[in-house]
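To keep things clear, I will list the structure first and then write my remarks on it.
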Amino acid sequence: MKETLKPLATLRIFSIKGIQMRTFHITWITFFFCFFGWFGVAPLMPLIREQLNLSKSEIGNIIIASVSATIIARLIIGKLCDTLGPRLSYTILLAIGSLPVMLIGLSNSYESFLLFRFFIGIIGASFVITQFHTSMMFAPSVVGTANAVTGGWGNLGGGVTNLVMPLIAAGFVGMGLVSNSDSWRVAMVVPGVILLIMAFIYYRYTKDTPEGNYDELAIRKSKNKKAEKGTFIKALKDYRVWILTFAYAACFGIEITVDNVAATFFIDQFGTSMIMAGAMAGIFGGMNLFARALGGIVSDKIGRSYGLKGKGILLGGLLILEGIGIGLFAQSHTLTIAIITMLLFALFLKMANGCTYGIVPFINKDSIGTISGIVGAGGNIGAMFVGFLFKSENLTYADAFRYIGIGVTIIGVIVVITKFQLKTLEKPVSVPLELEDKQHILHEQG
C-alpha cells in the first residue's frame, strides 16, 4: 500500500498536497460557509424583528427552531456517513440546505419565517460530516487535533457571519437595490448560492477515504453490513456516549445559542448599533481561529500520557471554567467587562468543543459516524433547551446566562468523575477496518 493512501500521522496544516490534506481544507471551508447559511439571519434579527413585529417570545421560538431540525438531521447524517460515505452525504446536505436559505427572504409573517428557520437548521448536520470525514483521513495520534482544527476553523464562520452579514445587507442598500428594512431578504440569497457552489466542489474534489470512495472499494458491502448490525443501539447503551452528549450540550450548545442572541443582547443591553453589535458577536466566534484547535491539541497530548481518563478530566475542568466565566458574563454592567468576560468563557467553551471530539473517535471504532451524530445532536438539544430561557418573558438575557453558567458547571463536575477508560482499550477508526494499518493504532494507557 502506498504511504499516500494511508491516514496521515502528521497534520501538515499549510499543505494541500494529497487527498488527505485537500479533503481537510475543503471540509473546514465547507463547514465555515455552512454557518453563513445556518446563522446568517442572526445578526439581521433587529431588522427582521421590526419588520415582522416579532415579540420576545416569538424570537425565542425562532431560536429554538433554528437548532431543533439539526437534532434529527445529525442523527440521520451520522448513519449516512457510515453507509453512503461523507462525500455524498455532504453533497446532498448542501444542495438541500441551500434552498430554505435562499427562500427565507420570502417570509411575510412570523409563522412563515419560523418554518424557513426550522428547515435551515438541517445545515447544522454539516458538523457531523466534517468530523467524520476528518477522522477518516488522519491517524489516531493526531485525529483529535485534526478534528479540533476543522471544527474550530469551520465554527469561525459563526463569528464572521455576525460581522459580514450586516455589511452585505448594508451593501445592497448602498447600491440602491433594496430598502434598509428589506435588505435582509436579499442578503440571505448570498449564503444560499455559496452552499450550492460548495456542494459541487465537495463532490468533485474530495474522496471518502484515502483509498478512494466507498463505491470504488471492494469492502463497501461488508462495511455497510457491519455498520447496520445494531451499532446505533450499541451506541445508545454506552453511558460514555450520553456523558459526551451532555458535555457537548454544555459547550457547543451554548456556543450556537450565543451566536443566535449575542448581537441582539448587545443592542438591547448596551444600546450599540447593529453593525457594532455584529462585530462584538463576531469576536466571540473569532475565538474559534485557535481555541477549539488548542483544545484538541491539549487533549491529544494528555491522551498520550494519561489515556481517556486524562482526556475526560480535562474536558470536565474546561466545562467548569466555562460555567464560571458565563456566570461572570451575566453579572457584567459595562460593555468593556461584558466583552472581557465573554472572551474568557469563550476560550474554555471552544477548547471544550475540541476536547469532546478528541474523545469521540475512541469510544467505538465500528460506529464513529453514529456516535458523532448522537454527540453532535446533543449540542443542539442543549441549545434548544437553553432557548426556552431566552424565550421567557419573566427572565432577562442576563438571568438566562446566569442559569446557564450554573448548569454548565454542574455538567463539568459530572464529566470529571465519569470513567471513560474501559478495560477493553478502544481505538478510533480512520478508514474502514479492512484498510487500517496497524502502525497507526494508538493504544491508550489508562
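Positions of Cβ are set from backbone N, Cα and C atoms, glycine also.
Taken from TrEMBL, the feature transmembrane segment applies to 21-39 (among others).
Under the heading domain 'Major facilitator superfamily (MFS) profile', TrEMBL lists 23-423. Confidence in the domain 'Major facilitator superfamily (MFS) profile' (23-423), given as mean pLDDT, stands at 90.
Long-range contacts of the transmembrane segment (59-77) within the same chain: residues 38-39, 45, 49, 89, 93, 113-114, 117-125, 127-129, 253, 256-257, 260-261, 264, 373-374, 376-377, 380-381, 383-384, 387-388, 390-392, each at least 6 residues beyond the stretch ends and with a Cβ under 8 Å from a Cβ of the stretch. The transmembrane segment annotation in TrEMBL covers 59-77 (among others).
The transmembrane segment annotation in TrEMBL covers 89-107 (among others).
Look at TrEMBL and you will find 113-132 (among others) tagged as transmembrane segment.
Note on the transmembrane segment (153-178): residues 27-36, 39-44, 47, 126-127, 130, 184-187, 190, 255-256, 259, 262-263, 274-275, 278-279, 281-289, 292-293, 350, 353 of its chain, located 6 or more positions outside it, place their CB under 8 angstroms from a CB of the stretch. Positions annotated as transmembrane segment by TrEMBL: 153-178 (among others).
Summarising the annotation, TrEMBL assigns transmembrane segment to 184-203 (among others). When Cβ-Cβ distances below 8 Å are used as the criterion, the transmembrane segment (184-203) is approached by residues 26-27, 29-30, 33-34, 36-37, 40-41, 44, 47-48, 51, 87-88, 90-91, 94-95, 97-99, 101-107, 123, 165, 168-169, 172, 177-178 of the same chain, each at least six residues removed from its ends.
Here TrEMBL flags 239-258 (among others) as transmembrane segment.
What TrEMBL records for 270-291 (among others) is transmembrane segment.
Residues 247, 250-251, 254, 295, 298-299, 302, 306, 338, 341-342, 344-349, 351-352, 355-356, 359, 398-399, 401-402, 404-421 of the same chain, all 6+ positions outside the transmembrane segment (312-330), place their C-beta atoms under 8 angstroms from a C-beta of that stretch. The feature transmembrane segment is assigned by TrEMBL to 312-330 (among others).
The transmembrane segment annotation in TrEMBL covers 336-360 (among others).
Tertiary neighbourhood of the transmembrane segment (367-388): same-chain residues 60, 63-64, 67-68, 70-72, 74-82, 121, 124-125, 127-128, 131-132, 135, 227, 231-232, 234-236, 241, 244-257, 260, 356-357, 360-361, 400, 404, 428-429, selected by CB-CB distance under 8 Å and a gap of 6+ residues from either end. The transmembrane segment annotation in TrEMBL covers 367-388 (among others).
Residues annotated as transmembrane segment in TrEMBL: 400-418 (among others). Same-chain residues lying 6+ beyond the ends of the transmembrane segment (400-418) with a Cβ under 8 Å from its Cβ atoms: 239-240, 243, 246-247, 249-251, 254, 257, 312-313, 315-331, 386, 389-390, 392.
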So which of 21-39, 113-132, 239-258, 336-360 is most in touch with the transmembrane segment (89-107), counting Cβ pairs under 8 Å?
113-132
Sort out the residues at least 6 away from either end of the transmembrane segment (270-291), same chain, that have Cβ-Cβ distances under 8 Å to it, and list them.
42-44, 46-47, 152-163, 165-167, 170, 258-259, 262-264, 335, 338-339, 342-343, 346-347, 349-351, 354
